[in-house]
Structure formats: structure tokens, C-alpha cells
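Positions annotated as active site, proton acceptor by Swiss-Prot, on the basis of sequence analysis: Asp157. The ATP binding site annotation in Swiss-Prot covers Leu46, Gly47, Arg48, Gly49, Lys50, Tyr51, Ser52, Glu53, Val54, Lys69. What Swiss-Prot lists as domain 'Protein kinase' is 40-325. What Swiss-Prot lists as phosphotyrosine is Tyr13. The phosphoserine annotation in Swiss-Prot covers Ser18, Ser21, Ser288 and rests on a large-scale study or a structure entry. The N6-acetyllysine annotation in Swiss-Prot covers Lys97 and is backed by a large-scale study or a structure entry.
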Amino acid sequence: MPGPAAGSRARVYAEVNSLRSREYWDYEAHVPSWGNQDDYQLVRKLGRGKYSEVFEAINITNNERVVVKILKPVKKKKIKREVKILENLRGGTNIIKLIDTVKDPVSKTPALVFEYINNTDFKQLYQILTDFDIRFYMYELLKALDYCHSKGIMHRDVKPHNVMIDHQQKKLRLIDWGLAEFYHPAQEYNVRVASRYFKGPELLVDYQMYDYSLDMWSLGCMLASMIFRREPFFHGQDNYDQLVRIAKVLGTEELYGYLKKYHIDLDPHFNDILGQHSRKRWENFIHSENRHLVSPEALDLLDKLLRYDHQQRLTAKEAMEHPYFYPVVKEQSQPCADNAVLSSGLTAAR
């Protein structure tokens, strides 16, 4: 009989929720105030997810353009969690702003109302981004992650679909907090979170005592896909194959070292499919089409994010201090008025 896995604790912001009143994190006790959806006129459907349908809408009281996320029937507890987290994070750097919580007067279906972002589909956008653009948007995403982590919240579904970018205005927002959760040390969490290509190794080996560092793996996957122009970077056919794809890059020996450190027992199915793989050098992924996006600093940052051992990954704040972002920090420390001009000028010059 396998023994229990070893414990683990976040390297940063571990006690944030224990230092706050219970009201802050006890989302099950939260009672959202539901307004009337009649204030909002749906204009067009923007998309649908597993848990919701999303529409562009107009607030008829002030003519403001908004996004309305109509929630599909799920447990009340899940809706309360999303609302509580969005309320706690309201006003946070690059976090999508929750404007209102409403219900359809007839069906009583709950809906969340958000600020509108003129998003460019990432599949098109990522093809035209310059080296500087990638640094800029990754830095903006790190601001959002450091903010939510500092508030005791893991996003748990970081991926391109959940990062809205208005490229004209150079505006980024982290959206879809439906899988987000409060971090409490030693709590065991559901591993059925995040989307396959962005799932950290901890999820794929069923290690439940994970933390904010899960989001840093997902961000690393996004960075890899952007600089190498390979979307997604780890392209597994299922959750088992996903770990195999990771092992083919990071190596199997290193994986076994991780499992040993945390006393993790691997699902026997992996014995048939893992094989033996040596660790690959990041330089192996450079080719003529992506060379202009890759630099030694980019590879160094990537290497410090895509680590099996979640405790070894850079935190959001540490990542922001990495030399890869020096050009962005330098630009953002210029007088404000010049920023947008400077940024577009740099983009045009490349």
C-alpha cells in the first residue's frame, strides 16, 4: 500500500488568508447581491465555455459596453466562489473588473457583468507579436498573477484563452476566475483544474498539496509557445500523454527525482508509456521562424519557470525581476505620457 505523499507549502504569501478575517475567504458563507439583468441588452455572442455563455452587451442606463457571462447550472458553491474572488480582486492590476452580478428576472439564471475588452484572438495575435511585445505582455500578466497571489488566490486556469489583449491600447486582462481558489497551507486541492496543455506536473501526477506555483508553470507554457511559435508547447493527447510530452523535454530522470522528493507514487499506467528521455536543451527548439523572438534571457527565464519541482519555480515577483524584463521595466519607468507612444514606436521600429 503506497504511503502518504510528503507535504509542501507555498514559498510566498502562504499565510495571507490566515491573517485575514474568515469573511474574506469563506466563500460558502458569501451572499452575493443580485441585480436585474434587464439593465443589460445582449448584443452578440462572444463565446461559450464549459460553465458559461459570454455576450457583448450594452448597459441601457448609461450606454456602457460590457461583457455578460451567463452561468450554466452549476453548484451554488462554485458561483459563490467565483463572485467572492472577483470581489476580493476588484481594482487589482490587470484583473478583469466585475461590474455587476445580476439574475434573469424570469429564469433566475445568474450572470456576471464585466468591463469590455476589445480582444484580438490569440491565434492571430501571437503570430504578429515582436520580441518586445512578448516581454511586455508577459510582464503585464505577471503583474496580475503577483496581485492575485498576494491576495491569497490561485487562478488555476492560466492559458491564452483567459488572457484578453487589446493590442491597440496595449491592455491586458486576466479573465475567467471560475476555477480560482483560496490558498491555505497544507490544504489538498482538486487536481482536475487547468486546461490540459497548461497543467503543471503536480496535477498530472495527482499531487494535491499544490499552491500558487501552479500558475507559474502555466505561464511558462505560454511563454514557450510565444517565443518558439509552437502552440501549444506541450501537446498531449490526454492527461497521461501530457506528462510524457513534458518528460520528453525535461527528462525522465528529473521527473523521478521530483516524485521521490515528495513521496509521490506514479499511476502504474505510466510504466507502459513514459519510456526514458534525456533532458533537452532549450536551444533545440530554435529555428528560422522563431529565432528573432528567442534570446539567452528568454531561455533562462523559461528554464526557471518550467521546473517539475513546483517549489523551485520562480514566483511571479521573482520572474518580474528577471533580466528578460529589463527593457520593459526601463520603458515603464519613463514619464507616463510618453509610454504609449514609445511602446508603439518600438513595435513599429522592429
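From the backbone N, Cα and C atoms, a Cβ is placed for every residue, glycine too.
Overlay of Swiss-Prot feature records on the structure.
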residue : record                       : DSSP (3 states)
Tyr13   : phosphotyrosine              : coil
Ser18   : phosphoserine                : coil
Leu46   : ATP binding site             : strand
Ser52   : ATP binding site             : strand
Asp157  : active site, proton acceptor : coil
Ser288  : phosphoserine                : coil
Cβ contacts of Ser21 (phosphoserine) (under 8 Å, same chain, 6 or more positions away): none
Recorded ATP site residues Leu46, Gly47, Arg48, Gly49, Lys50, Tyr51, Ser52, Glu53, Val54, Lys69, farthest C-alpha pair in Å: 14
Residues that sit under 8 angstroms from Lys97 (N6-acetyllysine) by C-beta distance, when 6+ apart in the chain: Arg90, Gly91, Phe114, Glu115
Listed binding-site residues (Leu46, Val54), ranked by Cβ neighbours within 10 Å, top entry: Val54
Chain-mates of Leu46, Gly47, Arg48, Gly49, Lys50, Tyr51, Ser52, Glu53, Val54, Lys69 with C-beta within 8 Å of site centroid, ATP: Ile70
Largest tally of Cβ atoms lying within 10 Å of a Cβ, found at which of the binding-site residues Arg48, Lys50: Arg48
Cα-nearest neighbour of Arg48 (ATP binding site) within the listed recorded positions, Tyr13, Ser18, Asp157, Ser288: Asp157
Integer Å distance between the CA atoms belonging to Ser52 (ATP binding site) and Ser288 (phosphoserine): 40
Rounded distance in angstrom between the Cα atoms of Lys50 (ATP binding site) and the residue listed as 'phosphotyrosine': 30
Cα proximity to Ser52 (ATP binding site), best match among recorded positions Tyr13, Ser18, Asp157: Asp157
Local Cβ density at Ser52 (ATP binding site) - other Cβ atoms counted within 10 Å: 20
Among Ser18, Ser288, the most crowded of the modified residues [Cβ within 10 Å]: Ser18
Between Leu46 (ATP binding site) and the residue listed as 'active site, proton acceptor', the C-alpha gap once rounded to whole angstrom: 19
